[in-house]
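What Swiss-Prot annotates here:
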ACT_SITE  Cys1162  active site, nucleophile
ACT_SITE  His1285  active site
ACT_SITE  Glu1287  active site
BINDING   Gly311, Ala312, Ala313, Thr314, Gly315, Ala316, Gly317, Gly318, Glu319, Ile320, Arg321, Asp322, Ala678, Ser886  ATP binding site
BINDING   Asp679, Glu718, Asn722, Asp884  Mg(2+) binding site
DOMAIN    1069-1320  domain 'Glutamine amidotransferase type-1'
Amino acid sequence: MSVVLPLRGVTALSDFRVEKLLQKAAALGLPEVKLSSEFWYFVGSEKALDAATVEKLQALLAAQSVEQTPKAREGLHLFLVTPRLGTISPWASKATNIAENCGLAGIERIERGMAVWLEGRLNDEQKQQWAALLHDRMTESVLPDFQTASKLFHHLESETFSGVDVLGGGKEALVKANTEMGLALSADEIDYLVENYQALQRNPSDVELMMFAQANSEHCRHKIFNADFILNGEKQPKSLFGMIRDTHNAHPEGTVVAYKDNSSVIEGAKIERFYPNAAENQGYRFHEEDTHIIMKVETHNHPTAIAPFAGAATGAGGEIRDEGATGKGSRPKAGLTGFTVSNLNIPDLKQPWEQDYGKPEHISSPLDIMIEGPIGGAAFNNEFGRPNLLGYFRTFEEKFDGQVRGYHKPIMIAGGLGSIQAQQTHKDEIPEGALLIQLGGPGMLIGLGGGAASSMDTGTNDASLDFNSVQRGNPEIERRAQEVIDRCWQLGGKNPIISIHDVGAGGLSNAFPELVNDARRGAVFKLREVPLEEHGLNPLQIWCNESQERYVLSILEKDLDAFRAICERERCPFAVVGTATDDGHLKVRDDLFANNPVDLPLNVLLGKLPKTTRTDKTVAPSKKPFHAGDIDITEAAYRVLRLPAVAAKNFLITIGDRSVGGLTHRDQMVGKYQTPVADCAVTMMGFNTYRGEAMSMGEKPTVALFDAPASGRMCVGEAITNIAAVNIGDIGNIKLSANWMAACGNEGEDEKLYRTVEAVSKACQALDLSIPVGKDSLSMKTVWQDGEEKKSVVSPLSLIISAFAPVKDVRKTVTPELKNVEDSVLLFVDLGFGKARMGGSAFGQVYNNMSGDAPDLDDTGRLKAFYSVIQQLVAENKLLAYHDRSDGGLFAVLVEMAFAGRCGLDIDLNLLLAQTFITNHTALSQSLRTEEVKALAEWQETIARTLFNEELGAVIQVRKQDVADIINLFYQQQLHHNVFEIGTLTDENTLIIRDGQTHLISDNLIKLQQTWQETSHQIQRLRDNPACADSEFALIGDNERSALFADVKFDVNEDIAAPFINSGAKPKIAILREQGVNGQIEMAAAFTRAGFDAYDVHMSDLMAGRIHLADFKMLAACGGFSYGDVLGAGEGWAKSILFHPALRDQFAAFFADPDTLTLGVCNGCQMVSNLAEIIPGTAGWPKFKRNLSEQFEARLSMVHVPKSASLILNEMQGSSLPVVVSHGEGRADFALHGGNISADLGIALQYIDGQNQVTQTYPLNPNGSPQGIAGVTNADGRITIMMPHPERVYRAAQMSWKPEGWTELSGWYRLFAGARKALG
């Protein structure tokens, strides 16, 4: 039994968070109360802690001891919200790490809770309602008093496994276990198991049954994609997977790995990769090597429905692990994320087309999913250190052909690209005797049965089993594991990893068997060697839980010491759990009970199961012709702009770090006004090359209601038109990932799936494209009982195509931002060829008018021809802007381009309207005069169809002098009849769309943009500080204040470090990181470029005495999330120095040395600010606290470099320029100084607006720092700290927007060159 010390912390909830809770309570009809809150810390130890340790704890936690914990009383109600009893929170793991590294002995664990006090009259039912408001039942408990908190530290006794009596009870015993355990076994699988266990003459253990269920779930084995199909009574010739494989068989060139690893690998290029060299004491060096591109896209739909934050977070984390575990280890690089949900029904912004059909109680509402889910995914990516650069967001919920169609079971998609050494792309054979290792976090009782649960229709499982199946994420420990993997593959041919898998569905019970089965081996495991963070888990829970942030891998015994040294340096847990055998048998030994919870041949677990047969028939949708003649076009335009699929996605984008790693070229935000309209994402392969990688997406699920195969072809087409304006070359260089969602088992849906796969396979082969990777989620149906009524919501067939390609030169990428140049025109290329089909369009959705024919990719040859022309124009720099047509049609394309360029448009659609009318009303067009045609209802309908159809196509901005040549290129490809010159830019802030002299739409662009951003604004208000959301919304149209610009007082192209570089002298710089830091590579690259000799220095190196700061002339503390920022940003890192006497002395000596420089950036800035007591000349320095928005802010912000003592900024003084910010706690706080800012503070960097004025206006000032403070320096200027990230934008190609004159270097290179000059 642990001794538990309670410590009282600071106020937990900000005023606006309290207000939001009170508003939610009022909406539930709860009585008015007063609410206060405070953090409490519970420190568990084997015996009472001495006074000195308690004093250190109080300083560490910013908390106080209490003689007696407070109690509830009449009229004052306590809700003590803690981590869920029986679990250990990620917060506790990291806080306990900090305590250990601060030398605090005897502490078992530190947990944090929040005491919420409600003053007022509440009955028991109302208390329960309040408890539900205050906690997340997935991860938290609500306790009635402080004494109960001791249960956080209760240790349960372990139990052995249980069995199912198949020998005695036969099949019926297994059928019963199937239901009780939520195994989702089919009748064939039950027969298979009964037959095999009877042959083995033994009963199965519960562990073996759970393991079998996970390993053979639809989620893991993709039985439907390998099934036989009988459609309309006829057996089909190929499986779904066979048709996907056909694409690769037809076009294998450029693909290195397909269908046989965690990710696909496609050919990249020989480049110089930058990373620390273990042979040179971790000195950063460039390494020339063949480097390939990893591509992977996953979905995490079921968990996101149940617990949006945790579901989306672990979805992102699982996909990252898939990339990292490819081959013998690789590096994830950039991510994508997408969400599809049912109608949002935002309070105070309910849209006229939204219908609320209700939902089951145990799943989250679409609005809650979109408030919490994106934060979960972004938080994981941010903390791990992967930029998220691409995505989509769609809502749909509507009655169609008698069924409610929608996404109560949402789509949450997570994917990305990575880099891998050519020599690491294939796993090696695991020899007998090889060690089998778990790397990463400990096991705990979460995510039990997730693979099986994800394979079931939502609502068919027991609600408690659904909750058990959701995992929780800890990205900081996944970062540590990735660092271990990086250190291994960076050894090249000496990489100790033989083979590696991520731990996902089924936990170790699926991962370890996969690892050895791939090598045709067996294995013996010791169950009690599995690292655990919970006591009392039984064998099933240990072996099958889906605790995240884990990998399994194999190494030779001779490499164990070297591997251990890598793990210890990175502070990453690992354990040798088993040994490979040559008998094909799987044995899991439990030494605690001297028995074997698992003991069976691998061919029973992963053997050839009875093949699935799917039988279905065609269910044709009802055909209703499209009519829109009586709809006001301007009203339609405004409705379409509010539909989430069309509307601005700011609220999804600015929460995600888009620059970490320093290799981002093109993110979602475009132009000097940072408008979220990019068609694709582009990254660079390295720090001294312009080669890169691109990715785009295509998805058209509403089209599938009308014509599923057409929707599949359109997805492929959209992915191509989205990526077309990147310098890729041959279309065959593009490779696709296909993620398939369907409600299989619902009548007609299996047939649609088959025909769509068939159509996509044929289209890809015709386009010279292949699909080397993909995934499926085929239980996209939600069922529940509402009183006497049985309800269901069935998702349309939903294919998501993600396209990946190597890029020749990232600088040639063309964006939708219109350029304000003289004599330019807009050309529209209509790949719908005038058909203007409206089925599944945004226009139809906002009027509940789901009718018409489906748009389609009718001619793959013409799409190839279009792509070829665009590629030539990109290569020849003939395109000024490019934007493809998709949701919202041509109207959305035009307004989005205008929003990005902040310019007016004068658009004449006369010829395009004529073509659309003639194509669809040939007889009328031949028999009537023009004026008679325009009086018809069919003409009004033609206007709507021309503006809002979503056929493939694109608008390009070109110089007038190039028009003839460009038309000729299209002529050569027989596309000239489908190219229209439609308009020009104007200086007015107006969008004019006309038919000759008749205005169809004439409206103010500011008003249109406010409408476009309304949905994002309202969600932001609900999620973040509403005052900040309102401030950002108010800036729309204020172009002067919100524009980016560059006013530098030096020659950007002059390298002032060159003389020092040429001298050959390279000062050594320590690139300092702590566990959880993720920005070290780009920091080292920037300083290396400026002539420094950069070394990777981990805090563990300093603690162990392997490295000493006295060996360096400069220290750079890097950005990231040290210890996950659990004790305040950078505070745990700083206190591990301040509380460690030897380290304290070492840092103090370094800071006092007049011949050294220090730079702290972001997390490093926060850390160094907390070391102010040992840094000379820092009187008045602030600490950095949570952003005013209470949200992570990732922006390209304007800053000014004022006159200061800073030596590294000396060469930049007086300059104003944009810089990346990415932080959640960047607000300079002067509470330690009574809120006063000292006159001689040493402000080194300030946020400004577009008029070069220091600003407090959000988001121009992204965190609310007073006087716009973004950085400070000490008195003699040797030590400078700043929240922005100059190291991520020292090259011009790293900037989302840059002025024309910046070519290779950006203005921020001067900071690094200035540091080199300052050292002489």
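Residue 1 is the first one shown; counting continues down the chain.
Cβ atoms are placed via backbone N, Cα and C, with glycine included.
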When distances run from the Cα of Glu718 (Mg(2+) binding site) to each of the binding-site residues Gly311, Gly315, Glu319, Ala678, the nearest one: Ala678
10 Å Cα neighbourhood of Cys1162 (active site, nucleophile): matching recorded positions from Gly311, Asp679, Asp884, His1285, Glu1287: His1285
Glu718 (Mg(2+) binding site) CB neighbourhood, other CB atoms within 10 A: 25
Per DSSP, three-state class assigned to Ala313 (ATP binding site): helix
Cβ neighbours of Ala313 (ATP binding site) where a neighbour is any other Cβ within 10 Å: 31
Helix, strand or coil at Glu718 (Mg(2+) binding site) [DSSP, three-state]: helix
Those recorded positions listed as Glu319, Asp884, Glu1287, and which of them has the most Cβ atoms within 10 Å of its own Cβ: Glu319
PLDDT averaged over the residues of the domain 'Glutamine amidotransferase type-1' (1069-1320): 97
Near-site residues: Mg(2+), ref Asp679, Glu718, Asn722, Asp884, CB cutoff 8 A to centroid: Cys680, Ser696, Gly698, Ala719, Ile720, Thr721, Ile723, Ala724, Ser886, Ala954
Winner by Cβ contact number (other Cβ atoms within 10 Å) across the recorded positions Ala678, Cys1162: Cys1162
Integer Cα-Cα distance in angstrom, Gly315 (ATP binding site) to Glu1287 (active site): 29
Cα-to-Cα gap, Ala678 (ATP binding site) vs Asn722 (Mg(2+) binding site), nearest whole Å: 9
Glu319 (ATP binding site) in three-state DSSP notation: helix
Conformational class of Asp884 (Mg(2+) binding site) under the three-state DSSP mapping: strand
Residues near Gly317 (ATP binding site) in space but at least six apart in sequence (CB under 8 A): Phe380, Phe384, Gly473, Pro475, Glu478, Gln548, Glu549
List of residues, in chain order, with Cβ under 8 A from that of Arg321 (ATP binding site) and at least 6 apart: Asn262, Glu478, Asp502, Val503, Gly504, Glu549, Tyr551
